[in-house]
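Since the structure comes first, as C-alpha cells, the remarks are kept for the end.
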Amino acid sequence: MPIITLPDGSKREFANPVSTLDVALDIGPGLAKACIAGRVNGELKDATDLITADSELAIITAKDEEGVEILRHSCAHLLGHAIKQMWPETKMAIGPVIDNGFYYDIDLDHKLTHEDIEALEKRMLALAKTNYDVVKKVVSWQEARDAFDGRGEEYKIAILDENISKDATPALYHHEEYIDMCRGPHVPNMRFCQNFKLMSVAGAYWRGNSDNKMLQRVYGTAWADKKALKTHLVRLEEAAKRDHRKIGKQLDLYHMQEEAPGMVFWHNDGWSIFLELEKFIRQKLGQYTYQEVKGPLMMDRVLWERSGHWDKYAEAMFTTNSENREYAIKPMNCPGHVQIFNQGLKSYRDLPLRMAEFGCCHRNEPSGSLHGLMRVRGFTQDDAHVFCTDDQVQEEVSACIQMVYDTYATFGFDNIVVKLSTRPEKRIGDDDMWDRAEDALKQALANNNIKYEILPGEGAFYGPKIEFTLHDCLDRAWQCGTVQLDYALPTRLGATYVAEDNSRQTPVMIHRAILGSLERFIGILIEEYAGKFPTWLAPMQVVVMNITDKQADYVEEIVKFFKEQGIRASFDLRNEKIGFKIREHTLRRVPYLLVVGDQEMENKEVAVRTRDGIDLGKLKLEDFAAMIRQQISLRSLKLLEE
C-alpha cells in the first residue's frame with residue numbers, strides 16, 4: 001500500500017501499486033489530462049510507470065521545464081515515426097533533446113529538400129493529431145536487439161552492442177507501428193506534441209567521428225503551446241536580423257576566409273571596437289589593482305607536459321617543431337603566468353599578486369563547429385590569475401565576482417545566470433584538493449548572496465569554476481566570464497612563496513576571465529545592439545555633412561575639432577543630396593549625424609540628428625562636443641534625448 005507524498009506535504013494512500021497518471025487522476029481529471037510524467041523520489045519517470053513503495057511524487061506538466069523537455073524528446077520520436085512512413089528504407093541513429101528543440105540523425109540516401117521537410121512536418125502533425133498513446137515496454141537486451149535487427153536498424157544495434165550492458169533491460173517506446181529505444185521518460189499521448197516546427201537539415205557524422213558515415217540531421221523546435229512556439233519563431237527571425245556575420249559585413253568590421261579558418265581579419269572599424277574593449281578592461285584592471293603582463297605565444301612541449309595540458313588537452317593544441325624541439329602554441333595563458341610569478345623570490349607580503357594579460361590563444365576547434373566570431377580558433381582572452389594564500393581566497397574570489405558584475409552592467413547585461421562546474425573525469429589533483437576548491441567557491445558565492453546551479457563534471461581539468469552566463473535582449477544565453485580555483489597547477493609548475501614562518505608554501509591560483517574571448521564578446525555585442533553600438537564603442541561616433549560646397553572647409557574644421565576632443569568623427573563632402581547622405585550613414589549606424597548649411601556655419605552651430613531619426617535641433621559646436629565627451633566618459637548606453 002504505497003503512501004504518496006506530494007510537494008505540498010499532503011499524502012495519499014493507495015491499496016495497490018499506482019502510476020503517476022493514477023495519482024493525477026485521483027487528484028482530478030484536469031491534472032490527469034495535463035500529466036506528462038512524474039518525478040518520483042527526485043527521478044523522472046514515465047507517467048505510466050508503477051510506484052510500488054512509499055514515495056515522494058511531483059506531477060510534471062507542460063508548465064514545467066522538464067515537461068517541455070520531455071515533449072521535445074517525444075517530438076524526436078514523432079519525427080522518426082513520420083520519416084519511416086515516408087521513407088521506409090531510412091535507418092534511424094539518435095534523436096536527443098537540445099536547447100529549444102530536438103534533432104534526429106538519419107541514414108537516408110535521398111537528400112532531404114526544403115519541400116521534403118515541409119511534407120515531413122505535415123505528416124508529423126497529422127500523426128500527432130490522431131492523439132495516439134505512446135506505449136512503453138521494458139524488454140531484455142536480446143529482445144531489443146532482435147526487434148531492431150528485424151527492422152534493419154544497424155545504428156540502434158550498434159548502440160546496444162557498444163553502449164548498453166547485456167544485463168540491461170532497455171525501454172522500447174511504441175508509436176503505433178514505429179519503435180524507438182530510449183531511457184525516457186516520454187509523453188503518454190501525442191496530444192502533447194502538436195506545437196512544433198522543423199527548422200533545417202545539416203550533415204553530421206555518426207558518433208561525431210569524421211571517419212564514419214555522414215548522416216542527415218533534421219532539426220526541430222517544440223513548445224508547450226502555440227503561443228510559445230510563435231514567440232520562439234519571432235525571436236529567431238529577430239536573431240537572424242541581428243546575425244553578427246551579416247551585420248559585420250554590412251558595417252565592414254571584419255572578415256574570415258578559407259585560408260585561415262577560425263581566424264579573424266579585423267578591419268579598421270572592427271579593430272576600433274576591439275581596442276575600446278581593451279581600454280575599458282585596462283581601466284578595470286587599474287581599479288582592481290592588477291599588473292598587466294605579456295607572455296610568449298609558443299612554449300616548449302616540456303612545459304605543457306609539466307602543467308598537465310599535454311596529457312589532458314593535447315588534441316586542442318596546435319604544435320610545431322624547430323631544431324628537434326616540439327612546441328605548442330598556447331591554448332591558454334596560465335602556465336606562462338606561473339613562469340612570470342616564479343621569477344624572483346616571492347614573500348607572503350607580495351600576495352595577493354594579481355596578473356592580467358590580453359593573451360592571444362589558439363585552440364584547434366573542429367572545423368564544423370566554427371561560427372563567425374562566436375567560435376574561433378584564434379582569440380584574445382582578457383585573462384588574469386591571482387596568486388594568493390588560502391586565507392585570501394574568499395576575498396579575492398569575491399572581488400573577481402564583483403568585477404564581473406561591474407563590467408557586464410556597463411554593457412546593459414543585468415540578467416546573469418551563475419553556475420558552479422565541478423570535477424570532471426579527466427583531471428589532475430586528488431579528491432582532497434578538489435573538495436577544498438569546490439567548497440571555497442561555494443562559500444564565496446554564498447558570501448555574495450548569489451544563487452547558482454551545479455554542473456557536475458563540467459569543471460576544467462585543473463580545478464572547479466564559477467561560470468557567468470549572460471542573457472541578451474532575445475533571452476539567449478552566452479557563457480562568458482569564469483572564476484576558477486586551482487590548487488594543482490602552481491604545485492606542478494613549482495610556484496612558491498616564503499610564508500610568515502619562513503617556510504616555503506605553494507600559492508593558490510585563481511583563474512579569472514570576464515569577457516572571455518574578446519572576439520566572441522564583440523559578436524555578442526553586435527547582436528545585442530543590432531550594430532547600433534553605444535557612442536563610446538561606436539567605430540565612428542559622429543559624421544558631419546555639408547549641404548553645398550560653401551560649407552566644405554567649415555565641415556573639415558569641425559571634424560578636426562572633434563578629433564582634438566577625442567571624438568571619432570569623419571566628414572562626407574560628396575556632391576550628393578543631403579537626404580541620400582543621411583540615409584547612408586543611418587545604415588552605417590553612426591550615432592550622430594550632423595548637417596551644416598549656411599546658417600549653421602554663420603552661427604558656429606550644427607544641426608544634430610541621431611541614427612534613429614530623432615532631431616535634436618541646432619546646437620553650439622562646443623556644447624554638442626561637451627555632451628558627447630560626457631557620454632563617452634560615462635560609457636552611456638543611450639544616445640542624447642533617448
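Glycine too: its Cβ is placed from the backbone N, Cα and C atoms.
Annotated Zn(2+) binding site per Swiss-Prot: Cys334, His385, His511, in sequence order. Taken from Swiss-Prot, the feature domain 'TGS' applies to 1-61, supported by sequence analysis. As annotated by Swiss-Prot, region 'Catalytic' applies to 243-534.
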- Task: Identify, in sequence order, the residues in the chain of His385 (Zn(2+) binding site) that are 6 or more apart from it along the sequence and have a CB within less than 8 Å of its CB; answer 'none' if there are none.
- Result: Asn333, Cys334, His337, Val338, Arg354, Met355, Met509, Ile510, His511, Arg512
- Message: Cβ within 8 angstroms of the Cβ centroid of Cys334, His385, His511: which residues besides those meet this for the Zn(2+) site?
- Response: Met332, Asn333, His337, Asp383, Ala384, Gln484, Asp486, Leu489, Met509, Ile510, Arg512
- Run through the domain 'TGS' (1-61) and tell me, per DSSP, how many residues are helix, strand and coil. 14 helix, 24 strand, 23 coil
